[in-house]
Amino acid sequence: MKSNDGEQRAGLLYGVGAYGMWGLVPLFWPLLEPAGALEILAHRMAWSLVVVGLALLALKRWAWIRELIRTPRRLALIAVAAVVITVNWGVYIWAVNDGRVVEASLGYFINPLVTIAMGVLLLKERLRPAQWAAVGTALVAVLVLAIGNGEPPWISLVLAFSFATYGLAKKKINIGGLESLAAETAILFLPALGFLVWLGVRGESSFGSEGLGHALLLAATGLVTAVPLVCFGAAAIRVPLSTLGLLQYLAPVFQFLLGVLYYREAMPAERWAGFALVWLALICLTWDAIRAARRSRSRAEALRRSGGTAAAPGAAAVPGATAVPPTGAGTGTDADALAPAPSPRAVRSPAEPTG
């Protein structure tokens, strides 16, 4: 029991560390100026492949490449994931460096709700009444923000829908987090490298013109992408998916607080009203998920007492708030190989992404 408790505590720390790093990343992107959002994005693509490639080389994990190449459908889904995560990363970097951290945080607050809506529209999933109420409340929140701002919160919507689409593609790919990130950035590497070379030829690259410190910061974008992913993977095998679903809210909370308290972004009444409605929707969603998880555990316990079997008791997740890293870094299902191995009795979670 002590070993199991220790693994869960370690998993909780890994999870808080992962989502905490993702939540504090708005402090990092402004350090890369005067590089523009596109240059930063290209460096992130290129250096992420370098970092993840070295990690896989050290772990001698290359067998998945042959299997992936032999599966055109999965390759196509990897390409889709690469495209939408490019949009997500690029918009997020631009939003942070343009002083719109609060609006970016809203995108990750509403992402679970967008994921649920996509599940209904694309996968024909059936929702419970509380889930319908949460989605409806989120729609009202978007309308309030649109009326207050004179236009829809485009940054938030692009981030939420791109990441939900990314999660949907990743759910069907079903390969480990490091492997998936390596495949996605491999697709993006040549376009990113070509763009960086083009900037250099035009004399517009900041990589070699702003000093060694600036160049090292640009190279560190690979670590900023990979390290939280590894922590997430270590958490995913140690704590229930429901816990990860709740922990994921740490990232947008930190981003929101940074935007309001550190960057001093304006928060007029209509923006507070919109965020309050979104938070109300998430509270409703979380309450419903916790209630569903308790019912699932009760049924599992009843089955055990009657001599039956039950699947994954206690692993119910917050609907829509699944264990996909909020930066689009990939899943953590196999990223645990870089972290201390859990004991055989450690709680495992089916951390399969949906957005």
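The backbone N, Cα and C atoms fix where each Cβ goes, glycine too.
As annotated by TrEMBL, domain 'EamA' applies to 10-145. The annotation region 'Disordered' is assigned in TrEMBL to 309-355. Positions annotated as transmembrane segment by TrEMBL: 12-32, 44-63, 75-94, 106-123, 130-147, 153-169, 181-201, 213-237, 244-263, 269-290.
In this chain, the transmembrane segment (244-263) lies close to the transmembrane segment (106-123): three or more C-beta pairs between them fall below 8 angstroms, excluding pairs fewer than 6 positions apart. Contact count against the transmembrane segment (153-169) (Cβ pairs under 8 Å) is highest for 106-123, out of 75-94, 106-123, 130-147.
Computed over the domain 'EamA' (10-145), the whole-number mean pLDDT of the model equals 92.
Nonlocal intrachain contacts for the transmembrane segment (106-123), taken as residues 6+ away from its ends with a CB within less than 8 angstroms of a stretch CB, comprise 92, 131, 134-135, 138, 141-142, 145, 153, 155-161, 163-165, 167-168, 248-249, 251-252, 255-256, 274-275, 278-279, 281-282, 285, 318-322, 326, 354-355. Residues 102, 106, 109-110, 112-113, 116, 128, 130-131, 133-135, 137-138, 140-142, 144-145, 147-149, 153, 242, 245-246, 249, 256, 316-321 of the same chain lie 6 or more positions beyond the ends of the transmembrane segment (269-290) yet place their CB under 8 Å from a CB of it. A Cβ distance under 8 Å defines the sequence-distant neighbours of the transmembrane segment (75-94), meaning residues of its chain 6+ beyond its ends; these are 29, 37-38, 40-41, 44-45, 68-69, 104, 107, 155, 158-159, 162-163, 165-166, 169-170, 172-173, 180, 183-185, 187-188, 327-328.
Residues 38-39, 41-43, 45-46, 48-49, 52-53, 56, 68, 78-79, 81-82, 85-86, 175, 207-208, 225-226, 229, 329-330 of the same chain lie 6 or more positions beyond the ends of the transmembrane segment (181-201) yet place their CB under 8 Å from a CB of it. Sequence-remote contacts of a segment are chain residues at least 6 beyond its ends whose Cβ falls under 8 Å from one of its Cβ atoms, and for the transmembrane segment (130-147) they are 106, 110, 113, 116-117, 153, 156-157, 270-271, 273-275, 277-278, 280-282, 284-285, 287-288, 319. For the domain 'EamA' (10-145), the DSSP counts in helix, strand and coil order read 118 helix, 0 strand, 18 coil. Listed by sequence, the residues of this chain that lie at least six past the ends of the transmembrane segment (12-32) yet keep a Cβ under 8 A from its Cβ atoms are 40, 93, 96-97, 101, 104, 214, 217-218, 221, 224, 227-229, 231-232, 234-235, 238-239, 243-244, 247-248, 250-255, 258-259, 262-263, 325-327, 332, 339.
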